[in-house]
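Chemist: Take this structure first; my questions come after.
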Amino acid sequence: MDHLTKEQIAEFREAFNLFDKDGDGTITSKELGTVMGSLGQSPTEAELKKMVEEVDADGSGSIEFEEFLGLLARKLRDTGAEDDIRDAFRVFDKDQNGFITPDELRHVMANLSDPLSDDELADMLHEADSDGDGQINYNEFLKVMMAKRRQNMMEGHGSGGHRSSNSHKKSGCCGPNSSCTIL
């Protein structure tokens, strides 16, 4: 937890203790949602379940404070990653209308010295365009990018990424130290 400040740890301890009803040093998965809400987060039930599964090694449904700190540290990193992803979206969205069109995607990829074939472009759009309107809105972009980021972190690849299902490697689309990966 080196990357958390003393103030953050104290704030998280205070929130944790508020919901540790019996003072045994653990909170239940249901209480976790309340704690996250008090810290300005609003995870869904599915997200809460996944968070608990990630940290609750014994499957008890309870989380100890150290596990809770790890969970919040990851959540804070993801929030920082969202800022990076928002910046990346702006790079792709040339006309700043809130959508990445096929032409904008092709243009940015060509400027990255990696032009897309029509099939690659179609694959990338298909993967990201969940509402089927032929373009990528910010929420679609965020969903794909965060999923890629989590996958890369789980695989131990840091901030690099890969493209769609065709396995062409590409990393750092928006800068050498960026968490941005190509769709």
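Backbone N, Cα and C atoms are what each Cβ position is placed from, and that goes for glycine too.
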Chemist: In Swiss-Prot, the Ca(2+) 3 site includes D93, D95, N97. Which of E82, E104 does it also list there?
Modeler: E104
Chemist: With DSSP helix as H/G/I and strand as E/B, how many residues of the domain 'EF-hand 3' (80-115) fall in helix, strand and coil?
Modeler: 23 helix, 2 strand, 11 coil
Chemist: State the Cα to Cα distance, in Å, between E67 (Ca(2+) 2 binding site) and D24 (Ca(2+) 1 binding site), rounded to an integer.
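Modeler: Just about 14 Å between their Cα atoms.
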Chemist: Using C-alpha atoms, which one of the binding-site residues D58, S60, S62 comes nearest to T26 (Ca(2+) 1 binding site)?
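Modeler: If we rank D58, S60, S62 by Cα distance to T26 (Ca(2+) 1 binding site), first place goes to S62.
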